Amino acid sequence: TKLNFSSALEEERHVRANDRDYNERFSYADNRIKTAKYNVFTFLPINLFEQFQRFANAYFLVLLILQLIPEISSLSWFTTIVPLVLVLAITAVKDATDDYFRHKSDQQVNTRQSQVLIKGKLQNEKWMNVRVGDIIKLENNQFVAADLLLLSSSEPYGLCYIETAELDGETNLKVRQALTVTSDLGDDVAKLADFSGEVICEPPNNKLDKFTGTLCWKDNKYSLDNEKMLLRGCVLRNTEWCFGLVIFAGLQTKLMQNCGRTKFKRTSIDKLMNTLVLWIFGFLICMGIILAIGNTIWEQKVGSDFWEYLQWKELTINAVFSGFLTFWSYIIILNTVVPISLYVSVEVLRLGHSYFINWDRRMYYSRKATPAEARTTTLNEELGQVEFIFSDKTGTLTQNIMVFNKCSINGKTYGDVYDEFGHKVDITEKTPCVDFSFNPLMDRKFRFHDSSLVEAIKLEEPLVQEFFRLLALCHTIMPEERNEGELVYQAQSPDEGALVTAARNFGFVFRSRTPETITLYEMGQAVTYQLLAILDFNNVRKRMSVIVRNPKGQLKLYSKGADTILFDRLDPSNEELMFTTSEHLNEFAGEGLRTLALAYKDLDEDVFDEWMKKLLFASTALDNREEKLGALYEEIEQGMLLLGATAIEDKLQEGVPETIACLTLANIKIWVLTGDKLETAMNIGYSCNMLRDDMNTVFIISGHTMLEVQQELSKDKFSSGLDMEKTELYSSDSVFEETIIAEYALIINGHSLAHALEADLEQILVDVACLCKTVICCRVTPLQKALVVELIKRHKRAVTLAIGDGANDVSMIKTAHIGVGISGQEGMQAVLASDYSFAQFRYLQRLLLVHGRWSYHRMCNFLCYFFYKNFAFTLVHFWYGFLCGFSAQTVYDQWFITLFNIVYTSLPVLAMGLFDQDVNEQYSLRFPNLYRPGQLNQLFNKRKFFTCTLQGVCTSFILFFIPYGAFMTAVRDDGAHISDQQTFAVTIATSLVIVVSVQIGLDTNYWTAVNHFFIWGSLAVYFAILFAMHSDGIFTIFPNQFPFIGTARNSLNQKIVWLVILLTTVVCIMPMVAVRFIKADLYPTQTDKVRLLQQATRKQGPQEQNLRRVRRTSSRRSAYAFAHQQGYGELITSGKNMKVPTSSTSTYPLYSPTRGLTGTSSASICKCFRHQKH
């Protein structure tokens, strides 16, 4: 094989155990991880480079350079350099702080200790020093340091148990098994040090559930798959020790490959601002050109007459060059249309909004002491514009906790509670629980509220007993009894755990098992059953069965599975019972519960003997073994008798259905992307009310080829397009009615999605999916989750939000515009990659509808006002240019220009941007359709920008020409002329400050003490500074800087000046007041209506209203969902996970499909799946 020495072009990987020299030739990544962006030396250049990529910063740098040229500068350089340095410094400090914490996190991980086999000895090494090809020893409860090939373990047959919460958020244990040839190495360090096997495998990739490779050792080749790999991020459980060979390290591990690249996320407002700054810059150039042309003409026509009065030694200037210099002078003077303080203010607002999220007590989860956290400060206003939410299922919508909720036994339901009048009572935490004290082996955490089931057990009703006996026998759970009576069940699926725990509490306690026996305690009596065969579960059969012999010698087959499957295999005599149970299953399904049907059968000895012979023959067949075994299972699972059905609640997180209903009313589309199977995903869809039985159609796309998927999608698109009626859902009356009118749902499988994401089909997929109210993608890989998000970003140009809790959600979280991590679960990978984190899905409603909407509203109002005030302030110079010979003289004095944005008007607009609320939080949640303007980007767009700048231009025109016209003929009280330039400047400046203060008063919806203080305080500060700058005292200290002594008091003591200021203010403000009044009266928006309602009901206090949970009308459908995996039956019957082989007698040798007939091994205590809580 040609060896590839370039890791960048790696086609296959060669790893030789215990041979660092050989492995180093390939330049594989070491085990150090690096998520930080800078180091001490690169911080300044890289950070400044990043900051100057923002157009505004580069623009201000160019202006600064221009201001340093004396020929064209009419303003001092400090008016630009002080704010520019301030902005760069604040941003740099923020970036440095973020990066410091990333360095700290990296250091913490990189310095964890691991035992590495070096030169024949186990030595403690830091994780970052581990290399590909090293052999590592792991001990119980340790994190796996890198992607390892399992070599040997303390358990029999090289088995070990891992928890993958960091990878997929699931806490149930997974089994891994070493190759037999390497498991014989055991923990013999000398043998392990001599191990020289070479692994040839796939290059680094992000597929968590797939691995292909070959181990070459002693002239033999052994196939390797994912079942032999321990991935970085997993935790070793219930296994004293194991040894592994490092295959992938550091950034090449599957965990890190799934993290995706950290993208620099920018909001749509940020992008729009960049465009607008370019527009304004273009506008600035146009104004400069107009004024420069004016200067050239004026110099030729008028200015030349004055040259003889200007005692220049030589005439060095001509009209065109004068115009050229004037152009640059006006660029400097008019640059305040885009003040640098805008960017400082935006950063301050975002920081403030982030703190409001962090401080929100209603998003604090007290059970785990977890507050909400804004992990980025740059995306807050984007939270008010989300159109698509992509959610994981397990651990995000659900708690991954199953609870035995109800059951139906022999046509009678149990689990509901009724009052004395026979009316059903809603079960709450205060509802009294059944007393299980008669059972010393009960699980104290188990809660059940219907006491009639316990009475039936105590009355020894045979079918009720058989029901729980079936639950206690038909499963693959491993028990562990740490102390007498202290039982812990280790289930590989939470469903099974819930069913066996229910049987335990009702007196049928599963106590222990060997490969050939199962011991129950039935109402306190020990009963041992011979386990003769396990007919294992798989996705096609959708059922599992066991064949046992009870102490009386009777042969019994017990089966549990999907009702649709089991009902086809019942004895005809069960028809009436089947009909009744079917009704009960409808009821359970209507409540979103996961159901299984239970059936049993008495077996005849002769028939069973004959069947066992056929089974032995089929199990040794070389061809079509699976099909032959399936046919035999089918043969014996006929003519069964129905016992009843179970209903398990896959416990949703608190408030999930209400949150989804509320977000749907806000016109947010929620897509569920899950690795779970179809039935489980659908079941959760029904529980959350995302799927409802009254939906017109639920399309299921499950084609295996491109053609099949295309046909299914095209058919759905055609029918959806025909039937679809665009219904207006956003009238305020509908908010608390049933959530939405029935429409369509799309459910697509992972293998079908792979085809649908191809270039030819992706547009059809988007069209069909967006016609549907609900989309669920099941069996999807982490990469597919990211691709689906990317697809919507590309085709719909909508703001997307992804929410998840496991490492398998990281790429999706990083791809979406906004990533949210659910914290407080076992894994923290999703939180580390997220922009926002909190502990419960229900807080998403508050994050978007309150914080997001307010942030968007505040930012838009802030920007509109900011552009208005700066155009009003700056364009006065433009009008003045026509009357001052285009000489680039400023209207205001230099200090006013410097202080206007930094001191006089900065705090009121910040107060509005931080505290303003159009409606309060109760009404924001009560009327989700208020969220719509953000999605449509109505509050700040190019049209809005044009409107507010036009208002600014008009204001500047009025500000200049009313005083100009008034002062042309005006005189002072003593008859002297009033029209000196300084008085004119003071009048315009005072008018401007008052006008923009009144305007912000009109723009403020929610007044706080801070708003009042800042607005009145800014006016007071303006007058204080104005009088101080024109005072005698400051003139004596700085005579050159402040030469216009007494101007303020001389002008502001004249009645005419105050009348001009009053007239200017009224003319500037009144048209806007009139327009707003007429608009609100004739064309009120939804916000206007809700604000009026809020004002009307303010005296009564806020009225809390909750969305009603929608009850579905039930139609026949299977609510079957079972999170089980194939192969665990074989693991039990083989005895591989049992210790201490002892002899035992059994009439029938135990059947295991892959081993044929087993011998007589059994075990006293089994360890599999013992999960020591950490």
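Glycine is treated like the rest: Cβ placed from N, Cα and C.
Curation plays no part in TrEMBL annotations; they are all automatic predictions.
In TrEMBL, the transmembrane segment annotation falls on 1014-1036 of the listed ranges 761-783, 1014-1036.
A contact between the transmembrane segment (75-93) and the transmembrane segment (1014-1036) is absent, since fewer than 3 of their C-beta pairs, 6 or more residues apart, lie under 8 Å. Only residues 6 or more beyond the boundaries of the transmembrane segment (276-298), in the same chain, are considered here, and those with a CB under 8 A from a CB of the stretch are 55-56, 59, 319-320, 322-324, 326-328, 330-331, 334-335, 337-338, 867, 878, 881-882, 885-888, 942, 945.
Where the transmembrane segment (945-964) meets the stretches 862-883, 895-915, 1014-1036, the count of C-beta pairs under 8 angstroms peaks at 862-883.
Beyond its flanks by at least six residues, the transmembrane segment (318-344) meets 54, 56-57, 59-60, 63, 66-67, 69, 71-75, 80, 83-84, 86-87, 90, 277, 280-281, 283-285, 287-289, 291-293, 295-297, 299-300, 303-304, 866, 870-871, 873-875, 877-878, 881, 886-888, 890, 897, 900-902, 906 of its own chain at Cβ-Cβ distances under 8 Å.
With respect to their backbone Cα atoms, Arg779 (ATP binding site) and Asp809 (Mg(2+) binding site) stand 13 Å from each other. Cα separation, Phe537 (ATP binding site) to Asp809 (Mg(2+) binding site), rounded: 28 Å. The Cβ neighbour count for Asp809 (Mg(2+) binding site), using a 10 Å radius over every protein chain in view, is 34. Sorting the domain 'P-type ATPase N-terminal' (15-81) by DSSP state (H, G, I as helix; E, B as strand; all else coil) yields 31 helix, 2 strand, 34 coil. Sequence-distant neighbours of the transmembrane segment (862-883) (same chain, 6+ residues past either end, Cβ-Cβ under 8 Å): 269, 273, 276, 287, 291, 294, 330, 333-334, 336-339, 342, 345-346, 349, 889-892, 900-901, 905, 909, 912-913, 940, 944-945, 948-949, 951-953, 955-957, 959-961, 964, 988, 992, 995-996, 999-1000, 1003.
Proximity of distant same-chain residues to the transmembrane segment (1056-1078), defined by a Cβ-Cβ separation under 8 Å and at least 6 residues beyond the stretch ends, is recorded for 951, 955, 958-959, 962-963, 966-967, 970, 972, 978, 983, 986-987, 990-991, 994-995, 998-999, 1002. Take the binding-site residues Phe537, Arg594, Arg779, Asp805, Asn808: by the count of other Cβ atoms within 10 Å of each Cβ, the lowest one is Arg779.
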